[in-house]
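A.B. asks: Pulled from TrEMBL, these are the listed features:
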- R49, T339, L340, N341, D363, S392, S393, G414: L-glutamate binding site (BINDING)
- T321: active site, nucleophile (ACT_SITE)
Amino acid sequence: MKKGGNAIDAAVAVQFALAVVYPQAGNIGGGGFLVYRDSLGAVAALDFREKAPAASTETMYQDAEGTVISEKAQMGHLAGGVPGSVDGMWQAHQKYGKLPWKDLVQPAIDYATNGFRITKQEADNLIAEHNDFLKYSTSGSAFTQKKDWKVGNNLVQSELAATLTRIRDLGRDGFYAGETAQYIVEEMQRGKAIMTLKDLQDYASVWRKPIEFDYKNYHLISMPPPSSGGLLLQQMLTMVKPLPLASYGFHSSEAVHAMVEAERRAYADRAAHMGDPDFWNVPTIITDSTYLNERMRSFDKDKATKSAEMGAGNIVESEQTTHFSIIDPQGNAVSVTTTLNDSYGSRMVVRGAGFIFNNEMDDFSAKPGVPNIYGLVGSEANRIQPGKRMLSSMTPTIVLKDNKLHLVVGSPGGGTIPTSVYQVFLNVAEFGMALPEAVQSKRFHHQYLPDTIVIEKAALSPETVAKL
């Protein structure tokens, strides 16, 4: 931004840099979502989520008896959806960017060419994933070496540098056409997968209307489907809005119980009603206050609702991820969440192109009621269909207070992303925390099924846990 760029320029540069220096989640082989608000108040949401290849089938991860083979959806060549990150950054830059595209990609090329010193965490991760990289790739890569990785080792990614150079010079066509696309297709053929050159050429990001809603004197702008994040955030906040959370107190048993019951109900609706809006009619009533008040009628302040007894609402017709938030000096704001899905995605590195491929196909419902890698269940709304985008939990969000830019938030964490953003926001709005404290505070999570609360270590006092 010191060179005259804006928030979108910075986002593009960060996205490509993360693809090099944070390979477990930063990517060009994955996808994500972007929420933007310019200095004049105009808003936009960009969906660059991955898509199912055209040859995908509803039962592609089931055996002859109908049993789901989870490994096929989570590891290796068949686990990947058509990547969206490069097209997403290209479309965002074409619409809002100021600086030359080449200038934004070049720093990532430099990191890949010259290498960077890895942290202890990165070294430990690469050691842990070594065998999977060898098992699910068809050749060695920059991430595999004969000696164990150590903190301070220099990670050079020459093939990735060449791919980024093509993207720098050719824009999106440096990925979805020409040499890089050919590397991808050849890799898929070696792995007996189904993605084709046409799948790559047909990929297009989609500009969507953001979800916008109010919570007291706050206005929230978030991502619509195929991300469930914005809908879940609106549902959960609407359900707890009438309750005196501030008087209950931060992490009191009363506040946690109420917040968890809202999480439980929202995630039940996620499982039943949410999917790609280009393929599924997501019912608009699920964010209606009357509907949500009815959902909370079964809330008992003295005991938990059993998920098995509750189910979804009745509808009448109608380290795995990374996030960054940027505000520029002019007041433009962008919130971006991007991912390979699981850490290091499918563990498959494209030979010749040097990047890790996503394993986003696991975010579809491989079979109704069968949980994915995050324990999330789905239904017909999120079944596999050719060209469809899989349901996501990413929740990039921009928050205004009294009509002024107040927060730009988001989170990694798979299925816990919406509850993380929900709790960070309430920490600020209800419990009076400054943003750093709100983000650092420990959290809890309930996603309907399995019917358990996941609590960060030492998040709640023993007394609060006992009462829950």
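Using N, Cα and C of the backbone, Cβ positions are placed for all residues, glycine too.
TrEMBL annotations: computationally assigned, not manually curated.
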A.B. asks: How big is the Cα-to-Cα gap, in Å, between S392 (L-glutamate binding site) and the residue listed as 'active site, nucleophile'?
C.D. replies: 11
A.B. asks: Between D363 (L-glutamate binding site) and T321 (active site, nucleophile), what is the CA-CA distance rounded to a whole number of Å?
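C.D. replies: Cα-Cα distance, D363 (L-glutamate binding site) to T321 (active site, nucleophile): 13 Å.
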A.B. asks: Using C-alpha atoms only, work out the spacing between the residue listed as 'active site, nucleophile' and T339 (L-glutamate binding site) and round it to an integer in Å.
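C.D. replies: Roughly 4 Å, rounded to the nearest whole number.
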A.B. asks: Tell me, how many other CB atoms lie within 10 A of the CB of S392 (L-glutamate binding site), whichever protein chain they belong to?
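C.D. replies: Neighbour count, Cβ to Cβ under the 10 Å cut-off: 29.
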A.B. asks: Write out, in the order they occur in the sequence, the residues of the chain not among R49, T339, L340, N341, D363, S392, S393, G414 that have a C-beta within 8 Å of the mean position of the C-beta atoms of the recorded L-glutamate site.
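C.D. replies: Once R49, T339, L340, N341, D363, S392, S393, G414 are set aside, the remaining close residues are G30, G31, Q320, T321, N358, E360, M390, M394.
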A.B. asks: Which secondary structure state does DSSP assign to D363 (L-glutamate binding site), in the simple three-class scheme?
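C.D. replies: The three-state answer is helix.
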A.B. asks: What whole-number distance in angstrom separates the two most remote CA atoms of the L-glutamate-binding residues R49, T339, L340, N341, D363, S392, S393, G414?
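C.D. replies: Output for L-glutamate binders R49, T339, L340, N341, D363, S392, S393, G414: max Cα distance 14 Å.
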